[in-house]
Amino acid sequence: MKNDVISPEFDENGRPLRRIRSFVRRQGRLTKGQEHALENYWPVMGVEFSEAPVDFATLFGREAPVTLEIGFGMGASLVAMAKARPEQNFLGIEVHSPGVGACLASAHEEGVENLHVMCHDAVEVLHKMIPDNSLSMVQLFFPDPWHKARHNKRRIVQVPFAELVLSKLKLGGVFHMATDWEAYAEHMLEVMSSIDGYKNLSESNDYVPRPESRPVTKFEQRGHRLGHGVWDLMFERVK
């Protein structure tokens, strides 16, 4: 399993300036279970980065709607979603290998067979590997908010990224985001609302209630106990 996890930095007009990390590498130590999963399940479920577009029908061995999740953490909710929807295909991207190992272990334990994972920079994967008009859903749950003003430019949700996602979605496909940082939710709403081709699925033209399809994470449950809010945004590709 290879790692090269660099994301572009954007200027105030959304143009790439140089390549820096849009996240902090917190690899930590692998547990024995995670190491075992990477050694034994990665050859079956893992996808190495390639400069060539992936053929989803070949990868999954069938034609089915594809959901891409960016930054799946330890993979608990991703595995739960894949298990609950065996008729769909799921591809997860996470840059931290302990999370990838945990996800592989969980998927194996749950008998999930409609899930593949990658350990690489999602922006580069989108550019190089994901065919245009190929995804039914893109999920981005609780990305790093980079709450300090000087770090806001590191936020993954910027106009160029949202436009890139738009190009990978099928017509009618949905970009689903969630954050527990209100300022980031407002930023996401501003970015997404500025792009022609997206339609906000919120009846009030801002946020949507958490759909049942998105499991509540332990992180989110802890936030609820502390009185923290969570904002879900869902935008459909309409052109």
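Cβ atoms here come from the backbone N, Cα and C positions, even for glycine.
What you are looking at is a predicted structure, and each value in this text was computed from that prediction instead of being measured.
If you look up Swiss-Prot, you'll see E69, E94, D121, D144 marked as S-adenosyl-L-methionine binding site, on the strength of sequence analysis. Take the CB of E69 (S-adenosyl-L-methionine binding site) and look out to 10 A: across all protein chains shown you find 26 other CB atoms.
D144 (S-adenosyl-L-methionine binding site) has a Cβ environment of 16 other Cβ atoms inside 10 Å. Swiss-Prot lists D144 with the feature active site.
Residues or ranges marked as substrate binding site by Swiss-Prot: K148, D180, T217, K218, F219, E220. Taking all protein chains in view, 20 other C-beta atoms sit within 10 angstroms of the C-beta of D180 (substrate binding site).
Annotation comment: Swiss-Prot describes 150-155 as region 'Interaction with RNA'.
Break the region 'Interaction with RNA' (150-155) down by DSSP state and the numbers are 5 helix, 0 strand, 1 coil. Rounded to a whole number, the distance between the Cα atoms of E69 (S-adenosyl-L-methionine binding site) and D180 (substrate binding site) is 17 Å.
In this structure, E69 (S-adenosyl-L-methionine binding site) is part of a beta strand by DSSP. Taking K148, T217, K218, F219, E220 as the binding-site residues under consideration, the smallest Cα distance to E69 (S-adenosyl-L-methionine binding site) is found for T217. According to DSSP, D121 (S-adenosyl-L-methionine binding site) sits in a coil region rather than a helix or strand. The binding-site residues listed here are E94, E220; among them, E94 has the most other Cβ atoms within 10 Å of its own Cβ.
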